[in-house]
């Protein structure tokens with residue numbers, strides 16, 4: 001730009017010698033405009049960098065630097081946050097189209113203007129005036145919220161032995177936590193759909209036949225028309241540490257009736273800043289794993305960009321001519337989770353279920369004209385998707401015949417799916433099946449978790465694990481590598497035999513989820529403790545690290561613990577046709593090593609604790625807005641655990657002579673929930689890990705709970721530190737054993753049913769009281 005200005009000035013000076021004096025004013029005006037443009041171009045494209053961390057420009061990164069994260073000072077973070085807030089405010093008003101471009105914290109370039117140069121020259125992208133570009137410097141933040149005390153009834157399995165004669169109350173204990181009000185995060189549906197239609201991409205065109213009246217709906221000024229047909233719910237989020245943002249996936253459905261009868265269900269991706277403000281037109285610069293080359297010492301990789309928000313282009317089987325069957329097409333129950341991939345980067349994956357089909361047979365006898373008739377069998381199966389990887393076409397979703405096969409066989413004449421999507425780009429996916437590619441007609445409600453020890457051993461996650469069913473515990477182990485899912489249809493998956501059984505109490509073919517279904521993922525407590533210990537010294541305290549290390553030392557060798565939230569479905573239990581609430585579950589695993597190698601040993605699992613229904617003090621919304629809470633469904637569904645961190649918290653303790661500051665450890669868990677299948681809500685739970693593990697002898701002292709209060713911590717006896725806690729039930733599959741391992745689950749469901757009954761009776765009494773009050777008011781008015 002400077003060279004351009006200098007050359008332009010020289011040109012005008014030389015020309016000025018040949019022109020009259022009257023033209024000088026015009027020349028000066030032109031020069032002023034050029035100078036002004038140069039100032040705008042060099043100042044409105046803002047680059048933020050930390051001058052203390054300047055790295056040589058290179059596109060080669062070794063694995064050692066991939067996990068490094070360094071935040072800027074709080075003052076610098078606040079300053080940049082103000083810029084982002086102003087940027088988003090301008091973008092929503094007079095200056096639409098402004099982008100925020102975020103490079104990861106571990107990006108190898110940081111020197112002033114290097115990000116701009118890399119973006120323009122290496123990535124061949126264009127920057128516009130007022131674009132904001134920076135390398136992330138934000139760290140995770142806990143918001144300031146009000147909390148109320150809540151109690152959770154938890155049932156243990158009694159520590160083994162014959163529990164068939166023991167009453168549930170003997171196995172129950174109470175956990176005390178603090179819970180925030182629900183914070184709604186639903187988007188503006190009119191804006192979401194308007195952007196979807198205006199972008200007019202291939203994915204929009206593919207699904208437009210399912211909602212042909214969208215344009216007319218958006219042209220109407222009545223938002224009730226939009227709200228009647230479109231719903232957003234089932235939100236699941238993760239914190240992207242390298243980018244300083246929350247990434248959320250949710251369902252957006254279209255219906256002609258209500259939220260209970262969708263026609264099509266799509267997945268929507270959006271970003272929020274660390275204060276949970278939604279971000280629009282944000283471009284993340286992510287590693288392009290599919291162009292990565294690996295040598296013996298290092299990996300060379302390029303970067304690509306993804307702009308949020310947008311509808312996730314997930315390949316889906318659909319047929320608009322089959323809508324009268326009562327089923328819907330598309331993505332159901334999406335869950336998002338971060339994994340560490342083989343390149344050492346954190347990468348978001350999703351788990352969801354979706355309708356699809358497989359060829360059941362080819363009928364040559366009734367095909368006619370020497371052609372066979374292709375018959376399909378319909379399934380609703382579980383899939384994994386890699387949000388930052390892509391594939392071309394739907395070759396691994398549908399068993400569609402190839403072109404030469406179609407010449408010899410007849411497809412269904414009503415098959416609208418013969419449209420050619422073979423060149424469309426989608427998110428990379430893969431179906432998850434039981435061993436030997438076995439599948440039920442309906443596969444859903446799997447509860448996912450990751451193995452922290454596996455990551456420590458290999459440096460990345462090789463597998464993802466699922467509780468396939470809680471009753472008669474069954475656990476699947478599925479490979480995470482996407483290598484078997486080709487980008488193009490240039491191979492097959494004949495050697496991919498699906499997931500394998502990691503653990504089964506009963507080695508049989510009796511599959512059934514029972515009343516307890518999958519809800520959130522399960523979080524590894526061992527990793528939670530390690531994450532606290534790995535924090536910088538400014539984020540931890542000496543006594544905090546000592547306490548955390550002492551807990552790790554007390555845990556038996558080779559033990560891992562997971563905590564999550566399932567959901568029970570109680571039908572006709574006293575309120576509504578179906579009631580859903582969260583149920584906390586605790587899963588424990590012990591690795592039993594062989595004489596030579598623990599890796600070749602056996603893994604024993606145990607569902608040690610299950611809670612009854614948890615309402616967490618959350619306001620319940622009626623299924624139909626103009627009717628009562630016990631009509632239709634009564635729904636509070638846990639969707640995902642957004643984050644779980646251990647923080648230092650200072651308490652001032654008054655003594656006779658002075659005030660003493662005491663540093664305590666307090667954990668904050670963020671869970672996403674859905675109410676009435678129409679909301680996305682955040683709820684913060686404070687002190688759950690404290691109650692369960694960190695302070696087993698103090699009965700939640702950090703949660704301001706009176707130690708004399710009835711009910712004590714289930715871990716006051718340090719049950720999770722018991723070496724013999726996990727036993728090998730899979731080797732003894734008697735009826736008595738089965739009753740033992742399911743006893744806590746049965747008790748939790750029994751008390752959940754009681755919760756529903758009491759809830760219904762309470763509402764009846766309240767309704768009667770309110771109706772009497774209304775009648776008295778009418779009498780007085782008369």
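Every residue, even glycine, has its Cβ placed from backbone N, Cα and C.
Listed in Swiss-Prot:
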type     : residues : note
COMPBIAS : 76-96    : compositional bias 'Basic and acidic residues'
CARBOHYD : 445      : N-linked glycosylation site
CARBOHYD : 648      : N-linked glycosylation site
CARBOHYD : 699      : N-linked glycosylation site
REGION   : 66-96    : region 'Disordered'
TOPO_DOM : 1-26     : topological domain 'Cytoplasmic'
TOPO_DOM : 48-782   : topological domain 'Extracellular'
TRANSMEM : 27-47    : transmembrane segment
Secondary structure of residue 445 (N-linked glycosylation site) (DSSP, helix/strand/coil): coil
Between residue 648 (N-linked glycosylation site) and residue 445 (N-linked glycosylation site), the C-alpha gap once rounded to whole angstrom: 36
Other CB atoms within 10 A, centred on residue 648 (N-linked glycosylation site): 16
Composition by DSSP (helix, strand, coil) of residues within the compositional bias 'Basic and acidic residues' (76-96): 16 helix, 0 strand, 5 coil
Number of other Cβ atoms within 10 Å of the Cβ of residue 445 (N-linked glycosylation site) across all protein chains: 21
Average pLDDT across the topological domain 'Extracellular' (48-782), rounded to a whole number: 82
Mapped DSSP class for residue 648 (N-linked glycosylation site), helix or strand or coil: strand
